[in-house]
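Only one structure is covered here, and it is reproduced in the block below.
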């Protein structure tokens, strides 16, 4: 090798490593390379070169040159000329296989000196960087998603190739946590917001709870379809950019969810009011419709016509109602399809955030700090569902088009501004995605404890790009991990009852304790979800400080499941009866509960059995004024409430007032107290459950393991959950709203049946989770829940970095070796 060729070859090698000679005095501006008085130790400069060129060239075995070998040396001079080192023998032997081929093993037979000789240029005594390799046929965007190859881009923030130096300070775990948690919170907020407006949606579209349950399961279907494939391909690529793409998709889905309001809003409201009108009854101007501008001929459908022979029914079908019913049904089908597609897309979008973000955090923090980060992540995630309920309570206080309809939020005709939530949440998510796009593939190195210096990076084998043909093998490796499978089954049984409970918790509180919709949402947020967040943070701190064993963590998870199941059984006997409903007959086991007329006068009123408009008189409640035999009404100016008089079935009360009677049931306090204790106890298992999943599989398979669990939870938990619980809720219905012979939403539930079925099925499924947790506990001795982190100087490192120990560890399908 001549001096000229050696000079060119050495400079090309330096530049491929990121070296940028700035002057003639041996001071280099490389990325993390040690400077040693104008001379470089080739063992340090050689390390990144191995990681860049060792993919597919040979069998992966390269002889590292001895530390005494000098890559190049410089002599101070005015012409800034670099002099090649005298002895390149060791280096040439070490790079022999690399110099004879390209990066991917498809060399053209030219050496590096021949390939880049034409790039020599007098730039501060150095050479221009070689052009970007064109062997990879992927686009720039695909390359970005796969992580790229630039050393600078792997540790700095930026967009579209612009990575200013001041942005490097933001490439930290703390900044990523802020953006990631914002996305995580918005996702949880979106789902519980949708749950909080279910009553409004059911009333607007006249659909059953089972239908809304199927609608809610669409989000989980999106996760099932994409979880494992996404985590397999994106888990080894540029995870922040994949997460950002999911956030953009989620934003689009949220915006589309609000489209029905802007397309069909006015028409739906007009149709809904027509279907709620009854054409026969004494006139009452106070019940005119704001939307229809009804005249004084419009009537109150709740009053009694004594001795009347007309067919008085809210489901009477004249021509106008039939046409409106047909039009309303067509619009409802279109709107439900839009909702289904929106929730399906949002499920795909949130899969990227949930399954890629947590492993990304775990990879960038020490194993000792991981429990605390997991606790903060899961704890802050709880703010999303809580905020969703609170935001839903706020939005439903506004009328759907911000007009004054002539009645307040307690009126059955009230339709809240349900569409505000998707617009606001989608906008915030879109803004957060911009920040997520700017994060690098790998954050900067972990902080070292005081007094401990960083060790030089060891040779790292590059990760092989995931291939579709290897996907089944990776899935089989996860399925053969027995601990992961039992932990997955446990997660399904843990989350299925909790998801079902919270989906219909506001409705349960409304029915059981006669709360307003916005009050039920606030209680569900503060007494349930925020308590859960407190328990998660406390458990994370406990694991961080006490460092329990994996078996101890598994035992605690089983214990919390047993406590939760027992608590639900206790709550089955804590509720409020419906004995203050006139004519109520509870179920006796053979026949369902029902409400019958209380006097013969009501039998002659031809009342609409499907029109639930409760009134209160003398401490008793009646389905409607008609069922109480009331024949006249008036409006009380002080509070705009309707007063009914001349009630044949209430001789001792001169008048009755619309709405529920005051609830004298004191069991609400006991319910909230016991429920909060159960929620707190169960939430303390969340961090330990996450750590068991992350530690029971190979480090490279963490994202894939999350994908397996996410798919299983979606397929066997979250998809059937709202359908099962929706059917349970519908089974407790006493009065259905019916229009032209078609059942709509439920107007009144039997409190006893609702309580026993709703909480009973929750207790039973949670007990199955307890049984699965016992199996995990027996096998958990094979898991090291807090392994020594090599980058923190643990004894297990042996001078190697974490990446080396992961890449060198063989991946075998045997469960015992993967744990």
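Every residue gets a Cβ built from N, Cα and C, even glycine.
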Examine the ranges 333-353, 438-458, 459-479, 585-605 and name the one recorded by Swiss-Prot as transmembrane segment.
333-353
Here are some residues: 104, 284. Which is flagged as N-linked glycosylation site in Swiss-Prot?
284
Swiss-Prot lists transmembrane segment for one of the ranges 489-509, 615-635, 636-656, 783-803; which is that range?
489-509
Topological domain name match (Swiss-Prot): residue 200 vs residue 358, membrane:
no
For the candidates 55, 401, I need the one that Swiss-Prot annotates as N-linked glycosylation site.
401
Which residue among the disulfide-bonded residues 599, 607, 630, 649 has the fewest other Cβ atoms within 10 Å of its Cβ, if you could check?
599
Residues of the same chain, at least six outside the topological domain 'Extracellular' (196-213), with any C-beta under 8 angstroms of its C-beta?
268, 272, 275, 328, 332, 335-336, 388-389, 391-393, 395-396, 412, 415-416, 418, 421, 503-504, 506-507, 510, 517, 521, 721-727, 729-730, 737, 739, 742-746
Out of 616, 626, which of these disulfide-bonded residues shows the lowest number of other CB atoms within 10 Å of its CB?
616
Residue among disulfide-bonded residues 607, 616, 649 with Cα closest to the Cα of residue 599 (disulfide bond):
649
Reported as an integer number of Å, what is the Cα distance between residue 630 (disulfide bond) and residue 649 (disulfide bond)?
8
Distant-in-sequence neighbours of the topological domain 'Cytoplasmic' (544-553), which means Cβ under 8 A and at least six residues beyond its ends:
368-369, 371-372, 375, 688, 691-692, 695, 777, 780-786
